[in-house]
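To start, the structure under review is shown below, and the notes come after it.
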Amino acid sequence: YKLICYYTSWSQYREGDGSCFPDAIDPFLCTHVIYSFANISNNEIDTWEWNDVTLYDTLNTLKNRNPKLKTLLSVGGWNFGPERFSAIASKTQSRRTFIKSVPPFLRTHGFDGLDLAWLYPGRRDKRHLTTLVKEMKAEFIREAQAGTEQLLLSAAVSAGKIAIDRGYDIAQISRHLDFISLLTYDFHGAWRQTVGHHSPLFAGNEDASSRFSNADYAVSYMLRLGAPANKLVMGIPTFGRSFTLASSKTDVGAPVSGPGVPGRFTKEKGILAYYEICDFLHGATTHRFRDQQVPYATKGNQWVAYDDQESVKNKARYLKNRQLAGAMVWALDLDDFRGTFCGQNLTFPLTSAVKDVLAEV
């Protein structure tokens, strides 16, 4: 099974023990590590951070210790406007320029492939995304004729039914991609007026709106649309989503007044790294959604949906049962990468739990 792990370059800026550089990554933990994110400037792939080139090198040095490790560079992301992708992909010339710029950039910096993180293509972008994927793959095939190992091509795809229907020709893009990472962890956020889990494995009985909003539905839907199981990778989060409660109610459907308070290290409302959640759990009340098979915790007026070792192991068992290609983890730097927060003296407790299940016969 593949275990595809994202690393985010901005995690270097978190203070103190939250700061994560690629040398913190265990080279044997994942089969693939994806560096997020690269930029596009003048229609060519480019660095984003001032020190990206140094960090690329630090990451790719991990392959000295584990020569089997593959690394990919992800282009795009949430802060990269989807309309910028549209502009490049919709015109033959700019698309050509972008595609041509990719192999030399990846080779120069020691990457094994490219991950497309166009979040998210709109209705008009559907055929342009297909063309981009098809032409990028053709370029990778052409480039490998020189005798080098062919570059890998993957894509991160929304797990929401509406977004899938709108932006992706799944059957077509699947033919040209080496794997597809399904972002099965953004099903519920602080934009909702009530509490709910962002990464349930199955639908909840209580919640009519959750019929489509769970990993099981998304996986089944993708397979039905023509994604081959052996190319489909299921996303598992190492972060939680937090809410500020608007009343004393804490169960399903409890009203919220907004996102939860920012974490000490990640400093973003409504989101917490697993290592911050381990801190939060001291003195908190924990619960589990039996049907959705994911935990949540409350303390004061804060309500946090998250994943723990039990829930990620369940998800790993599920994807093995569905005979998928493997699991994807977002992100290594949000797991307890130092092993100092979650009390087991174990680095990357969630990612390791997934790895353990994938390794079981």
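Glycine too: its Cβ is placed from the backbone N, Cα and C atoms.
For reference, Swiss-Prot has these:
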{"type": "BINDING", "residues": "GLU49, TRP50, GLY76, GLY77, TRP78, ASN79, TYR120, LEU183, THR184, TYR185, ASP186, ARG241, TRP330", "note": "chitin binding site"}
{"type": "DISULFID", "residues": "CYS5-CYS30", "note": "disulfide bond"}
{"type": "DISULFID", "residues": "CYS278-CYS342", "note": "disulfide bond"}
{"type": "DOMAIN", "residues": "1-361", "note": "domain 'GH18'"}
{"type": "CARBOHYD", "residues": "ASN39", "note": "N-linked glycosylation site"}
{"type": "CARBOHYD", "residues": "ASN345", "note": "N-linked glycosylation site"}
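Positions of Swiss-Prot features highlighted on the structure.
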residue	record	Cβ within 10 Å
CYS5	disulfide bond	27
CYS30	disulfide bond	29
ASN39	N-linked glycosylation site	17
GLU49	chitin binding site	15
GLY76	chitin binding site	23
TRP78	chitin binding site	11
CYS278	disulfide bond	19
TRP330	chitin binding site	25
CYS342	disulfide bond	22
ASN345	N-linked glycosylation site	8
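Within 10 Å of ASN39 (N-linked glycosylation site), judged by CA to CA distance, lie the following recorded positions from the set GLU49, GLY76, TYR120, ASP186, TRP330, ASN345: GLU49, GLY76.
Its own atom aside, the Cβ of TYR120 (chitin binding site) has 22 Cβ atoms within 10 angstroms in the protein chains shown.
A C-beta separation below 8 Å, combined with a sequence spacing of at least six in one chain, links THR184 (chitin binding site) to ALA159, SER199, ASN214, ALA215, ALA218, VAL219, MET234, GLY235, ILE236. Comparing CA positions across the recorded positions CYS5, CYS30, ASN345, the one lying closest to TYR120 (chitin binding site) turns out to be CYS5. Distance between Cα atoms for GLY76 (chitin binding site) and CYS30 (disulfide bond): 22 Å, as a whole number. Annotated pair CYS5 (disulfide bond) and TRP330 (chitin binding site), C-alpha to C-alpha distance, rounded: 6 Å. The shortest Cα-Cα distance between TRP330 (chitin binding site) and any of the recorded positions CYS30, CYS278, CYS342, ASN345 is the one to CYS30.
Nearest by CA distance to ASN345 (N-linked glycosylation site), out of the recorded positions GLU49, TRP78, ASP186, CYS278, is CYS278.
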